[in-house]
Each structure stands twice: as structure tokens, then as C-alpha cells.
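Now, the feature entries from TrEMBL:
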- 55-73: transmembrane segment (TRANSMEM)
- 96-290: domain 'Multidrug resistance protein MdtA-like barrel-sandwich hybrid' (DOMAIN)
- 221-248: coiled coil (COILED)
- 295-371: domain 'p-hydroxybenzoic acid efflux pump subunit AaeA-like beta-barrel' (DOMAIN)
- 374-394: region 'Disordered' (REGION)
Amino acid sequence: MTIKKLQALNNNTAVETVAEAAPASLDAGKAPRIVEAAAPALEEKPARKRGGRSLLLGATALVLIAAGAYYGHDYWTVGRFHISTDDAYVKADNSTIAPKVSGYLAEVLVMDNETVKAGQPLARIDDRDFKAALDQAKADVAAAEAIVNAKQASLDIQQSTIAAARATLDVDRANETFAEQNNKRYSNLATSGYAPVQTAQQAASQIAAAQAAIVRDSASLDAAIKQVDLLNAELAQAKAALARSQAVQHQAELNLSYATITAPVDGTVGNRTLRVGQYVQAGTQLMSVVPTTSAYVIANYKETQLTDVRAGQPVDIEVDMFPGRTYHGHVDSLAPASGQEFALLPPDNATGNFTKVVQRIPVRIVLDGDAAANGDLRPGMSVQPSIDTKNDRS
């Protein structure tokens, strides 16, 4: 009953409103008919709104269910097997360029960010001092070689002296034999009276002279033989001096070659700090050569993420510098220890209060195909690798 009264009240209000708004020229009997026709239309609008809202809610629910099913299926079949992190960076084995000798820079042959090849000259140090040192070393080698040759000649002469001494000794022994034979012969003749006693005595004295000559020449032979040992020692000493001079010459040649600083690997020049006329010390860093074509990725994964990570697993790599582009690689190896083990001051958890912190293990990722060869990835870039562990999960 109350509802009907409210409806009647609403209808009367609508009639009055329309009647007041109608022009005065209209008949009084026509206005109620207009109101009676408009009143049902006002009642139909809330019902239509409720129907449209229900349809929209239903469609939204269906879309949410479909999206949830899609992403749920994707996670269950693919997503849960992909291990990703944003704590990853491109790395390369940079070569630090430092001179091996000290001196003043005469030439700088490369500019910043210039691409170089292995063996290409990068800079030259003034080499006049090194050339002078090499000339001196060559002269020392020549002098040492002359001494060696002289010692070798002396040794050869000594061998001839020994041969002559032996021949002289053979003559002395022959003279001794002849003197003994003469002594025997003249002694018999003197005894029988056919030769004077003086002749027999002379023959006997010749034996003594021959024996003395043998002793003398034997001593000379021994001395000549011992002289060979001395000459051999002097020859060895001369050869050692020659070897030392040759080593000094070789070092001088190396120092001269070190005056030209070359690139050890293919790469790009960076961090160049040298200038012409600058005095550089051996071992001072002058620049770096970055091998951009052999870059790799170091990803610091949480230890809880590495349960199923193995070497050889495929990796998709997204690079912050190239949005929308995906590079491919594979897991090369896992570090033997967490990052804090190699820190300058590793934490000592045996003292004080302990707060457990999830550790991170560096994972080395090698790029596949031409991903590294084209040189797009530069050391230090931030990347987001995602390791596919599906085939290695039990």
C-alpha cells in the first residue's frame, strides 16, 4: 500500500512539473496525456542500467578468468622453470696496457674508443737510449767472441806443443838406446885393448846425457799437458763471458722492441691517459683494451635460486640498453664460492649478533652465436638473464 502511494505521488509531481513547463497556448486536456506517456519511460531507465551493469561485470569476470588461466598455464608450464635476476652485468677480460720500459713517449698512435687488432702499435717510447745500449751490447759480444777464438787458438797450439814434446821424448829415448849400445861396444873393445879407455868413458857419459834429456823432456810434456787443462778453463770462462754478453744483447734487443707498445688482443681502446712527451715508468697503466667481441655475463643469483641450475642450460638475456631485444647464451659455470668469500673484509659470523642473509653466487653465462661477436654488448651493461632449468628438474 505504501509503495503504491509513493508511485502516485511521483506521478502527480511529474504531471505538475510538465504542466508548468508547457506553453499557455496548449489545451489543458493535452498535458495529462503527455505526462501519462512519459511516466512509464522514467520507470524503465533504472532497469536498463541494472542490466548493462550486470553484463559489464560478467564480461569483466570472464576476461579475468581467461587471463588468470592463461598466465597460470604459462607459469605452470614455462615460468616456474625460468630463474631470473636483475643483478647481472656484462663483463670482459680487459687488458691493461702498461710499458715494460721507462722513457718519454714519442708517439701516441691511437685515440679513445678506437678499435685495434692484436699486435697493432699503440704508442712508441723514445728509443735512442735503447739503440745505444744495443750497439754497446753488440760490441761486447764481438769482443767476447774474439777472446773465445783466441783461447781456442791457444788450445790448438798447445796440442801441437804436446805433440812436439812427445816427439822430442821419443828422440831422447832413441839416443839413450844408442848410447847404451855404444857403451857396451866400446867397453868390450877397451877391455880387449882395441879401443882407448877414453872412448869407452865417452860412450858411458852419453848414456847419462840421454837419460837426463828424457827426464827433462818428460817434464816438458807433463807441463804441456797440464797447460791444456788451464787453457780449457780459460776457454770455458771466455765462453761464459760471451754468453753473458749475448744475454745482455738479447735484453737490449727486447728493450728496444718494448719501446713500441702494442695491443695484446683485438678490442677497443678505453681509459687512455697517455700524452706525447709524458715520462712513463715501467708498469704504469696507460690505457685499456676491452675485447668487446668476447664479452660474457656475470649474474649474481641468490643461493636459493640455484638448486636446479647446471652448466649448459640455455639462457635468455634482456639488455637494458636494447629494450625488446633478447640475446641467447648458456650457463658456462658457477663460482666456487659466494661473493662475500672473496671480499676484502669477509664477515666473521662467529662473533656478535648473527643475522642470516641470503648469499649470492656468481654465474658465468657465455653468449651464443654472434651475440658477442657483433660487439653490441659492452662491459658494465646491466642485463636480466633468465635460465631455463626445465630439462634438469627431477
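Note that Cβ sites are derived from N, Cα and C of the backbone, with glycine treated the same way.
Listed by sequence, the residues of this chain that lie at least six past the ends of the transmembrane segment (55-73) yet keep a Cβ under 8 A from its Cβ atoms amount to none. The domain 'p-hydroxybenzoic acid efflux pump subunit AaeA-like beta-barrel' (295-371): residue composition by secondary structure is 7 helix, 34 strand, 36 coil, according to DSSP. Shown for the region 'Disordered' (374-394): DSSP residue counts in helix, strand and coil, namely 3 helix, 7 strand, 11 coil.
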